[in-house]
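Lifted from TrEMBL, the feature list:
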- Cys136, Asp138, His195, Cys198: Zn(2+) binding site (BINDING)
Amino acid sequence: MVYSIRSKSRSIISSMAALKTSVESTFASSPINRPAGSKTMKLEKIRDAQQGFTPVLKRRSFSKLETSSSSTAAALTRDRTSYKVQDGAKSCGGLDYFEEMKQRFLSFKKNKYFEELEHFQNLAKAQSPKFMVIACADSRVCPSYILGLQPGETFMIRNVANLVPPLENGPSETNAALEFAVNTLEVQNILVIGHSDCGGIQALMRMQDDVDSRQSLTENWVVNAKVAKFRTKAYTAHLSFDQQCRHCEKESISRSILNLLTYPWIEERVRKELLFIHGGYYDLLNCTFEKWTLDYKGRKVDEEEVGRHSIKDHSFWS
């Protein structure tokens, strides 16, 4: 009886030793577990390395690893490749940023969407904004944030230097959005918002006057405000470049407002007082906002009046 038990014990111990040898040889034969300059890795190091693999690898049992060394190596290679790609993205801030973005979205869903569920469900069916905003693409100038605009209130265009090209310049994404907002949504107000330290205006002011010298897409776009630049140069030649840019930032708003009137369907609605056009200027450094409204006199703008228009309801928010 005792001999039988001892015999069975030795058999079990031998089987466990054989299993351990099989597992060690399986890991040792895997190419990814042989670092440069060494033939094998100790089992402890392999287990440590597993901690860096994906959760799928962590759950992989030893019994699956006994199938074949080649299939195991292939599976581990795929897992490690996947891990390295994800780790590389995280090191660039990609995964961290999107994780933060995810949390912000979930916070919005919990604290805003569900709290105003009926409102958001109605927005999913249709929109009827009363305002249209044309603002700069600058990341520091977010109209919804600084003016507290809510979903459904404003139809928005953002482009470099908050420009409106004249009708004669042909189609663009800006005037396509204008057409939809005015003719389909029938917005009642258009607000053009400029801002201080505008890179688009700085690019415009640095450009050579020769049209053929334009080399970039940015220059080909900001040239829509060339009249604002000419007026700025004429009236501020004695000022520094920074001061000239600040002056041109406001001149370009005036130019865009007048360019809006080159669209017949906008001019008609303004004339009938169904649509009102406003200008706004946001000072980044001092956090002030200047606002005014076009005082339309029903006259067509000619080249002598370019850059000039009467205003009303001028206010300064500080």
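Here the Cβ of each residue, glycine as well, is placed from N, Cα and C on the backbone.
Around Cys136 (Zn(2+) binding site), a 10 Å sphere centred on its CB holds 24 further CB atoms from the protein chains shown. Summary of the Zn(2+) site environment: with the site residues Cys136, Asp138, His195, Cys198 set aside, the chain residues having Cβ atoms within 8 Å of the Cβ mean position are Ala135, Ala137, Arg140, Val141, Ala161, Asn162, Gly194, Ser196, Asp197, Gly199, Gly200, Ile201, Glu249, Tyr282.
His195 (Zn(2+) binding site) is surrounded by 22 other CB atoms, counting those within 10 A of its CB over all protein chains shown.
Proximity of Cys198 (Zn(2+) binding site) to non-local residues of its own chain (separation of 6 or more, Cβ distance below 8 Å) is seen for Cys136, Asp138, Ala161, Cys245, Glu249, given in sequence order. Counting Cβ atoms from all protein chains shown, Asp138 (Zn(2+) binding site) has 18 others lying within 10 Å of its own Cβ.
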